[in-house]
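Chemist: So TrEMBL says this about it:
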| type | residues | note |
| --- | --- | --- |
| COMPBIAS | 531-540 | compositional bias 'Low complexity' |
| COMPBIAS | 541-551 | compositional bias 'Polar residues' |
| COMPBIAS | 587-608 | compositional bias 'Low complexity' |
| COMPBIAS | 609-618 | compositional bias 'Polar residues' |
| DOMAIN | 56-187 | domain 'N-terminal Ras-GEF' |
| DOMAIN | 223-492 | domain 'Ras-GEF' |
| DOMAIN | 638-724 | domain 'Ras-associating' |
| REGION | 518-630 | region 'Disordered' |
Amino acid sequence: TTFQDGGEEVEDGAVYNVTLKKVQIQQAANKGARWLGGEGDQLPPEHTVRQYETSKIRAIKAGTLEKLVENLLTAFGDADFSYISIFLATYRAFASPRAVLELLLDRFGNLETSSHGEVANLNSLESEMVLRAEIASVLRAWLDQCSEDFREPPDYMCLLKLLDYLKNNMPNSDMESRVQNLLKQFQNQEVEAVDGFCSTSSSGLVDGEELEISNPEEFSSFQDHVVAEQLTYMDVMLFRRVVPYHCLGSIWSQRDKKENKNLAPTIRATITQFNAVTKCVISTILGTRELKIQQRAKIIEKWINIAHECRILKNFSSLRAIISALQSNSIYRLKTTWMFVSKDVLLMYEELSEIFSDHDNYLTSRELLMKEATSKFANLDSSEKENQKKSQKRLQLQKNKGVMQGTVPYLGTFLTDLIMLDTALQDYVEGGLINFEKRRREFEVIAQIKLLQSSCNSYCLIPDQKFIQWFRRQRHLTEEESYKLSREAEAAADTNILSPKSQKSMVKRISTLFLGTDVFTPPKEQPPKSSPAGGSSGESTDSASVSSCEFNHSETEDVCVTPVSSPEDPLKKSSVGSDKGYDSDKGSISSDKGSSSKGSISDPASGSDSGSIPSRDSGSGPGSAPRALPVYNRQSEGSCIIRVSVDGLHDSVYKSILITNQDRIPDVTQRALLKHNLEPDALEDYELVQVISEDKELVFPRDANVFYGMNSHVNFDFILRKKA
């Protein structure tokens, strides 16, 4: 089979990509070979005749909503077999279920007045049967793939409209009974809290119970594999409930608006669970002041072993939560405690941390996730013999049980990709047509989420109520509390003892681990006033490199854990000015101003790898070429992504904005105000400023071209400031 680009076809309200597909349909013996009695499949090529058939594949590239809905009925005829799935997975970004259903049933589904395609003019029984079959196929796919679209309590208007249509046009059909059952299911279902398994509020506790700091002995009583299995059980239950379209950048990025406080509850529940695991790790290590150094080191070892068990279970969500907690300021700075962690466990910790290295846009974790997405068991490779033996022994035990495993991903990776796509690609193209090429690119990510969700059905885990109740009872420390306890834990130790050898694979900065929340880049923490002015060199170095971050700010789903370099890290000085974090709103790379050295300038290209999405085929056809996407900190093909904060309003909350070489100050200012949920009409009251260094700024004139006027040799960080 060969493919050839056939260009574009333009119709009223739609643009199509055309691909020509050439397929060999028959291979027969030529005349001489037939005379000798030979068969075509047994002869060399020179004695055969091949017959080919060329077919045309039309894939809609852009169109009006009416054309996109009509294409649901014609896509199979155009050989665009994935169109229905792509549309159903992404249409919520540009239309409501009611709008699509009304177009499908009233405009195209009315058998008397339909003007759909060729069958419209035939007015025959055959044409009605064809149209009825096409609509039934679309509705069946809709109910199979996106039944949640019809959950609209208490009225269920769309479901009732669909039921009325089926009674009139397809009476007594399987589809009608199916819709009736779905309606009863929705009506009878009690409202379930999607985060029921990970609630840490008092409402999730049994009567008489209160939140408490973990008892080390009680925590130690749980076996490592039991903890990992229970965390996986909770993660699986929540991940399977994730509604894929909630992850779309255009939807998830709107969660901060007041009217959207209940938006994407399935994503918020997953984030809450992730945060609960991270905070549980920190609380168990620091919550008990009376612990000896060796006891605290044992708890750290236990969490590393639990993380390893999560790796065996292919639970990358809790694995990353545990690793991130161990890399947080308050845990990583426990220099003396880390010295009592055994060498083998430290090597295991280093290997697990390497999975989430931010090198090349987290390439290691992406490749590992796709490699194990549908595999029966984890593929464990360890450079350390002892760890390798332990891993293989545990893995063999799993295999002997004969129970296959699914894969629980770290959802933040997908959220970042989808938000980046939403930033880089336009929603509409010339003529006001909906850009469906963008939806095809988004579906590539959505399809991966769906694949992993289906793999989670392979898990066979039984809840352990004793552990789940213990997990819910934990009182989580705030960032201030955990850092205070961390300092107290180290106060009696020799401050000249260096921390354990720095892990080369340590992720430099995990700021807002769920990448779907805004980045809070905290100011550099000052040593407490009670500290001696002339503290030891080891302590002062540590204090200077720790940045404070609130765990308990208003957006409870946000996580902000900032690992720091160890004092002996030879790369520390060179990396201070270029410490990276993720702008979770748009997945771009952010500079940690809090830890920047004065006057230092980060390499403008340093964020290019991590800020970009690997090129992938757009899905429009075999002949289409992937398009390079704009990235943060690099101007490319007349566009780039900048980060804008508002002076005096959450100074460290950035929003990513795509700009082109045509954008001037009023355009960018208005978009930035909208992103920060401010009145766009107030743009005359603001000026746009680029941060050059700690003591230098570039102020733009009223009508300046931002793309050409900005300094491209420093970070693309801007501030909106009210005019004096």
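Each Cβ is built from the backbone N, Cα and C atoms, and glycine gets one as well.
Where in this structure would I find these features, and how exposed are they?
Modeler: Summarised as a single figure, the pLDDT of the domain 'Ras-GEF' (223-492) averages 87.
Counted with DSSP, the domain 'Ras-associating' (638-724) comes out as 21 helix, 36 strand, 30 coil.
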Chemist: Let's see if you can do this one: DSSP helix, strand and coil counts over the domain 'N-terminal Ras-GEF' (56-187), in that order.
Modeler: 88 helix, 8 strand, 36 coil
